[in-house]
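Quick notes on the structure that follows.
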Amino acid sequence: MSEDFYSVLGVSRDADEDEIKQAYRKKASEYHPDVSDDPNAEEKFKQVKKAKEVLLDDEKRRMYDQMGHERFQEAEKRGATDTDRGRGGMGGMGGGGMGGMNDIFEQFFGGGGRSQSRSGPRQGSDLKTRLKVDLEDAYHGVTKQLTVTRPEECPDCDGAGHPPDADSRTCSACDGRGQQTTVRQTALGRVQQTRECPQCDGKGTIYSETCSTCRGDGQVRNETTLQVEVPAGIRDGQTLRMDGEGAPGENGGRKGDLLVEIRIDDHETFERDGDDLRCRHPISFPQAVFGDTVEVPTLDGAVEMDVPAGTQSGETFRLRGKGMPRLKRRGHGDLYVQVRVVTPESLNEEQREALEAFAEAGGEEIDVEQGFFEKLKSSF
């Protein structure tokens, strides 16, 4: 199964156009075959381009969200996602918009983009939820418990929607087929459409009573706790797919999937920039002047960093390989440490004399008896 387009770009399903464009530029530069050392860079680059093409086209994105990844790709192979035809590109279809395209989808897949009739097995729908993790979890990888409320097969009627001893009769509206067929004239010719029978909800049979537990739905909502494997290096907004943890299928169809969108909490020390991390670290005036070796924090413990003599406040140093793990790739990003020279708030007598001597040696004339605020007051 190929990767969901939202996951390819690392954006949430409600991402706007600017977010998608920004994510595309970042991914495209990361996987461009001319610069990437990833052996699968060319294929990933193609996936990124395809994801951008679909998600930046309003009609294609609407189809994609409605049909899901696999069914959208199947429709695309059949040529059913050519949105230009819905804009008048096929002669006589101008003004048809999505209505005309949806008619074609229903011909291929049935209502809602499904390839099976109601009387046959139907896969359950995918469910979506969010999971919050902290940056340490995203760095090391973690197994998290997630409690979700989801539809499950009714235990009293085994998903049938009626008691096992309920009387039944063949639906007269569809003659027991569970479907009603109509023929429509379109710009592409006569199109036969098959829809679910509204009288029997596609079952072909009408029962004398419904299950009192699920009220005929065949499903009930229950709370369940799942174990979610969060991989090291995952980014904020990326989605994990849990196979078979979605809504139950119908007529023996497989369950849908659970899509877990990862949200990473802000960190008090580090800011994340892709696979890189950034932080600020204080150093003293003597350390900046003479140079020193200081300990700086990383998500894997403190490490030593050399501060050269003459370092200026705001200068940034790069620690290679001390950033985030690269998801599904080898290695880590880098850590960028911006140093800040801290001015002491108070001095003892010895420190004061030393700084006075330093100022005099440099030819600076500073009234050390009068502080800044005293100078400011006396100027008015």
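We number each residue from 1, going along the chain as drawn.
Keep in mind that glycine also has a Cβ here, set from the backbone N, Cα and C atoms.
The following features are taken from Swiss-Prot:
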- 4-68: domain 'J' (DOMAIN)
- 27-126: region 'Disordered' (REGION)
- 27-87: compositional bias 'Basic and acidic residues' (COMPBIAS)
- 88-100: compositional bias 'Gly residues' (COMPBIAS)
- 115-124: compositional bias 'Low complexity' (COMPBIAS)
- 141-223: zinc finger (ZN_FING)
- CYS154, CYS157, CYS211, CYS214: Zn(2+) 1 binding site (BINDING)
- 154-161: repeat 'CXXCXGXG motif' (REPEAT)
- CYS171, CYS174, CYS197, CYS200: Zn(2+) 2 binding site (BINDING)
- 171-178: repeat 'CXXCXGXG motif' (REPEAT)
- 197-204: repeat 'CXXCXGXG motif' (REPEAT)
- 211-218: repeat 'CXXCXGXG motif' (REPEAT)
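For the repeat 'CXXCXGXG motif' (197-204), the neighbouring stretch richest in Cβ pairs under 8 Å, chosen from 154-161, 171-178, 211-218, is 171-178. Fewest other C-beta atoms within 10 angstroms, among the binding-site residues CYS171, CYS211, are seen around CYS171. Cα of CYS214 (Zn(2+) 1 binding site) to Cα of CYS200 (Zn(2+) 2 binding site): a distance of 17 Å. One way to see the shell of the Zn(2+) 2 site is to take the Cβ centroid of CYS171, CYS174, CYS197, CYS200; the remaining same-chain residues with a Cβ within 8 Å of it are SER172, ALA173, ASP175, GLY176, ARG177, GLY178, GLN179, GLN180, PRO198, GLN199, ASP201, GLY202, LYS203, GLY204, THR205, ILE206. With DSSP states grouped into helix (H, G, I), strand (E, B) and coil, the compositional bias 'Basic and acidic residues' (27-87) comes out at 44 helix, 0 strand, 17 coil. With DSSP states grouped into helix (H, G, I), strand (E, B) and coil, the zinc finger (141-223) comes out at 0 helix, 39 strand, 44 coil. For the recorded Zn(2+) 1 site, residues CYS154, CYS157, CYS211, CYS214 set the reference point as the centre of their Cβ atoms, and the other residues of that chain within 8 Å of it by Cβ are PRO155, ASP156, ASP158, GLY159, ALA160, GLY161, HIS162, THR210, SER212, THR213, ARG215, GLY216, ASP217, GLY218, GLN219, VAL220.
If you draw a 10 Å sphere around the CB of CYS154 (Zn(2+) 1 binding site), it holds 20 other CB atoms from the protein chains shown.
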